[in-house]
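Please read the structure below before turning to the comments.
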Protein chains: 2
Amino acid sequence: MERVYRTHYVSQCTKELAGKTIILNGWVQKRRDLGGLIFVDLRDRSGLVQVVFNPDISPEAVAVAEQVRSEYVLAVEGTVVERAPENVNPKLKTGEIEVYGKAIHVFNPAKTPPFMISDREEIDESIRLKYRYLDLRRPKMLETLRVRHKAMQVVRRFLDKHGFMELETPMLTKSTPEGARDYLVPSRVHEGEFYALPQSPQLFKQLFMVAGMERYFQFARCFRDEDLRADRQPEFTQIDIEASFLPAETFQELMEQMMVEVFKETIGIEVPTPFPRLTYQEAMERYGSDKPDLRFGMEIKDLSSALENTSFKVFANTIQHGGKVKAVMAEGCADWSRKEIDNWNKAAQKLGAKGLAWIAFKEEGVKGSVAKFLSEKEVEAIREITGAKTGDLLFFVADQPDLAAQVLGQLRLQLGEKLGLIDENAYRFAWITDFPLLEYSEEDGRYYAMHHPFTMPVEEDIPLLDREPGKVRAKAYDMVLNGYEIGGGSQRIYRREIQEKMFRTLGISPDEAKEKFGFLLEAFEYGAPPHGGIAFGFDRIVMLLAKRNNLRECIAFPKTANATCLLTDAPSPVEKEQLDELHIEIKSRARV
Amino acid sequence: MERVYRTHYVSQCTKELAGKTIILNGWVQKRRDLGGLIFVDLRDRSGLVQVVFNPDISPEAVAVAEQVRSEYVLAVEGTVVERAPENVNPKLKTGEIEVYGKAIHVFNPAKTPPFMISDREEIDESIRLKYRYLDLRRPKMLETLRVRHKAMQVVRRFLDKHGFMELETPMLTKSTPEGARDYLVPSRVHEGEFYALPQSPQLFKQLFMVAGMERYFQFARCFRDEDLRADRQPEFTQIDIEASFLPAETFQELMEQMMVEVFKETIGIEVPTPFPRLTYQEAMERYGSDKPDLRFGMEIKDLSSALENTSFKVFANTIQHGGKVKAVMAEGCADWSRKEIDNWNKAAQKLGAKGLAWIAFKEEGVKGSVAKFLSEKEVEAIREITGAKTGDLLFFVADQPDLAAQVLGQLRLQLGEKLGLIDENAYRFAWITDFPLLEYSEEDGRYYAMHHPFTMPVEEDIPLLDREPGKVRAKAYDMVLNGYEIGGGSQRIYRREIQEKMFRTLGISPDEAKEKFGFLLEAFEYGAPPHGGIAFGFDRIVMLLAKRNNLRECIAFPKTANATCLLTDAPSPVEKEQLDELHIEIKSRARV
């Protein structure tokens with residue numbers, strides 16, 4: 001072949017090209033020999049096409065084609081020919097044609113891969129990660145990275161259009177012991193000193209606001225050296241956004257529009273706006289979660305008012321001691337077996353409940369673990385509050401309000417899935433607002449900032465900072481989607497006196513504040529504008545867009561749950577000379 | 001003020017808004033009190049506007065305005081009023097109007113900043129870096145970051161349009177001891193093991209090609225723990241690009257188009273294409289540099305042929321022993337003083353030359369250090385080769401060819417600057433091609449890859465790998481601009497037998513190759529396509545676009561020459577507990 005590089009992508013080979021001579025490049029998906037002909041399915045980034053080698057056309061090409069195997073890299077010169085109607089393959093975009101091969105060039109042979117390049121096979125994940133370069137050839141993985149690419153471009157265009165500047169922040173930065181555990185980087189030049197990889201560009205983006213950039217964004221790589229749950233990665237990508245002189249509502253509307261464009265342009269889904277807004281309290285009460293899955297109803301109901309005088313002592317006592325009796329309804333499940341119900345009971349206990357009470361609304365009346373204790377009036381009130389009909393099953397949890405809500409929130413998700421109530425094609429966004437500003441740690445006997453100590457309190461709650469810090473609400477807002485928190489943001493404190501009050505509440509002395517956040521506090525003395533922002537978990541958004549099950553499917557080269565890269569074997573031992581230069585040594589076990 | 005957030009940016013305040021009531025947000029650039037009126041220059045991201053507070057309009061606003069100082073953050077409500085013709089300020093975009101202030105809200109006061117927010121002042125760089133958030137308020141810095149943002153968007157749009165996918169690669173990766181020094185990151189989970197921060201995504205981008213992504217790009221953060229020259233940064237941003245199945249020439253044309261769009265859309269400069277192409281050898285011979293500044297001529301001339309039999313023994317001996325006599329001409333400088341010429345001689349010696357010979361073409365004949373040794377015929381030949389005219393001055397270096405070229409290459413730059421030959425508004429791109437594949441290290445007695453061991457040799461030179469490795473040319477290409485290398489790329493080796501030959505030439509055993517690059521070599525067994533790419537120094541491109549003098553001006557939060565962040569004080573000491581968790585300790589000096 002004189003020329004080896006492609007004239008067309010394979011997916012461009014349609015009827016319109018019939019009769020044309022073309023050159024294709026790609027990988028052999030499959031070779032079959034049939035009646036003296038050789039059929040090669042050739043794959044490139046765009047799809048698949050069938051190439052036929054016929055000794056009547058080119059015996060030389062057939063001789064080469066006979067040698068090729070799966071995943072060989074080829075150039076093929078051939079003519080596009082329309083298939084006879086009975087040979088059309090409707091499953092293939094190029095199924096109306098085939099290419100009659102005239103010449104073939106083998107760029108590279110290939111060993112037999114450890115798994116077929118196909119979405120149909122279930123492959124052990126460790127094999128997939130070790131051979132990630134083959135795994136990424138599979139259509140679903142390619143498609144996921146395509147979605148990722150596309151979403152990135154849409155976000156950037158949107159933010160650029162709205163005057164946000166893409167600005168980079170340092171990766172080698174300062175360790176801040178609050179928050180998650182830092183990844184540290186020893187310094188060669190500064191003996192005994194360390195950089196830290198950023199957990200987020202939070203402080204830098206606030207500095208950009210002090211610097212008058214007004215609107216900033218960045219796809220920021222962030223690092224947290226935490227014990228990895230199934231669905232966490234030590235490094236992850238965050239869409240980091242901050243704006244000055246913008247009311248929170250306007251900012252939120254912008255972020256909604258951005259999501260609308262991402263979903264429309266990436267996967268063709270129309271997302272309605274405005275997104276519903278739920279306060280944290282409302283979300284906890286109705287869904288038992290601060291990231292409710294709104295693709296189905298099955299809201300949690302508070303039955304405490306109906307049951308405060310019930311003869312069932314567990315309920316009555318709980319209510320009397322400040323607890324609540326809450327319930328979720330499994331519609332049409334009144335006929336579930338004792339065994340099945342008992343499994344849900346176990347699930348509830350695993351989630352921290354003392355137990356799960358239940359009643360079934362049957363034709364013959366109300367049955368179940370607490371049925372006999374309930375008066376007719378109480379049953380009527382329950383019907384009223386829950387809307388229960390004959391055939392429904394109701395699960396109760398009686399406990400402290402938060403715990404009852406959380407347990408039922410989890411059960412709601414599991415029941416919703418079990419009952420097929422979740423529309424996998426639905427995308428239900430919401431904002432969760434008015435988070436508590438502070439969390440009390442019984443262990444440390446102090447309050448901690450629920451987001452970070454720069455989150456602005458709701459103005460009318462500021463006086464409460466002294467008296468009842470636990471009741472202060474934050475000007476914080478999370479964007480949630482289908483049960484995931486995909487973004488967390490807030491308005492920031494920009495006035496010195498409020499910041500000082502906040503530190504006092506957190507028990508952080510002025511000296512300590514200076515040591516930890518000195519440069520930010522100093523910056524705030526030189527004219528800080530009102531500002532706020534958000535950070536989206538980009539890997540998570542891609543996961544939802546591409547309908548994948550975990551974050552590892554959405555990252556080209558992810559780490560395992562113990563932070564290893566199976567492809568490169570990172571982390572790995574290094575030369576002693578490297579450590580010497582960094583003025584560190586490995587602590588021998590003996591001395592630990 | 002009821003509403004405090006802006007209705008307009010200040011630069012939108014033009015005559016068209018006259019009579020309108022608006023709200024502005026921004027920083028006080030300057031306040032002046034004049035005849036009972038208070039003038040406040042208000043600055044936001046878009047520019048400046050003059051606000052006038054008049055007790056006849058609002059004594060309350062005047063009372064507040066009296067208190068504000070430079071860098072206070074304000075909301076101002078006022079009416080746009082056309083200025084009388086004699087008061088128009090043509091230097092200001094908003095100079096045809098002023099705003100009559102009706103109300104004022106102080107978002108935040110400000111301490112007196114350590115320097116004026118103005119481009120006019122020269123400020124010590126360490127002060128600028130410590131107060132970077134104030135430095136970034138200066139118009140030139142804001143403009144540089146704007147150019148950076150814009151260039152990023154243009155590059156992304158161009159590459160997206162041409163089918164390149166933006167894909168992210170890991171930051172926590174494997175240490176590869178070849179190349180520059182790695183930044184290491186200790187692992188908490190894997191005792192005694194380390195990640196390395198990437199020096200470039202080279203291996204991963206080649207894996208993307210094996211994975212069939214075909215066209216990849218990324219704005220990649222890269223890290224090198226090297227002793228920092230004035231113009232290096234420990235972390236820098238690279239536009240990393242790779243493509244499969246593309247001839248090098250087509251790829252280079254694409255990259256040219258990309259630069260054309262960047263320069264046009266970012267700073268409005270039309271760059272002509274195609275870029276001139278010079279081989280490495282040609283560049284060295286004509287400009288004494290592999291990154292020639294083509295904004296001016298003054299090419300180096302080889303006078304060896306004219307001088308091989310000269311009576312000047314230094315020249316004749318040099319030529320006889322394989323050296324060269326080369327020269328650059330300083331046009332119209334025949335009248336330079338001895339002292340001046342001697343300074344250039346010293347400069348040449350500092351650059352490694354034994355000395356600088358010279359002749360001046362004067363009305364009265366040829367004068368200078370070697371004039372008396374040159375025959376008339378030799379002078380005639382020199383005139384012929386160099387094009388010297390009366391009034392010109394010629395500097396000679398006689399030495400080994402490379403050294404002679406390099407010294408004259410440097411002198412050429414210095415002379416060009418001194419003589420004002422460099423057009424600061426010109427952008428002269430070029431491709432430098434056919435680099436040597438290998439460099440011989442006298443010290444180690446072996447060859448090293450000039451780029452990296454995966455660079456493809458020129459096909460016809462492959463047989464030389466065994467016999468004369470030093471003569472093998474690489475399929476490598478650098479993009480240069482105004483004397484800077486802004487991008488370096490190559491076609492990569494994708495055939496196993498060539499890779500093995502390359503390793504043999506480099507004296508790397510199969511075992512060693514496997515240990516160091518095992519996962520890439522293994523990947524290449526499973527069907528690697530022909531591929532190649534480039535990496536652009538993005539910080540450098542921004543520097544050239546924004547006409548700044550060094551990279552620190554082009555990075556929002558840069559490090560100093562000893563890798564310190566003066567703003568955050570990174571790197572810094574960390575808690576012993578943090579090190580314990582990472583299984584490392586600081587090596588005490590005693591034990592070193």
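Just so you know, glycine gets a Cβ as well, placed from its N, Cα and C.
Checked against TrEMBL, the range among B:134-137, B:202-205, B:242-245 recorded as region 'Aspartate' is B:202-205. Residues B:Arg224, B:Asp225, B:Glu226, B:Glu485, B:Gly537, B:Phe538, B:Asp539, B:Arg540 are recorded by TrEMBL as ATP binders, and the candidate that the same record lists for that site, out of B:Gln233, B:Gln491, B:Gln499, is B:Gln233. Counting residue by residue with DSSP, the region 'Aspartate' (B:202-205) contains 4 helix, 0 strand, 0 coil.
Separation of the C-alpha atoms of B:His451 (L-aspartate binding site) and B:Phe538 (ATP binding site): 19 Å, rounded to the nearest whole number. Separating the Cα atoms of B:Arg540 (ATP binding site) and B:Arg224 (L-aspartate binding site) is a whole-number distance of 16 Å. There are 20 other Cβ atoms within 10 Å of the Cβ belonging to B:His451 (L-aspartate binding site). Taking the binding-site residues B:Arg224, B:Arg492, B:Arg540 in turn and counting surrounding C-beta atoms within 10 angstroms, the largest count is reached at B:Arg492. On the 0 to 100 pLDDT scale, the model's mean across the region 'Aspartate' (B:202-205) is 94. Secondary structure at B:Arg540 (ATP binding site), taken from DSSP and collapsed to helix, strand or coil, is helix. B:Glu226 (ATP binding site) and B:Arg492 (L-aspartate binding site) have their C-alpha atoms 26 Å apart, to the nearest angstrom.
A coil conformation is recorded for B:Glu226 (ATP binding site) in the three-state DSSP classification, outside any helix or strand. DSSP assigns B:Arg492 (L-aspartate binding site) to a strand.
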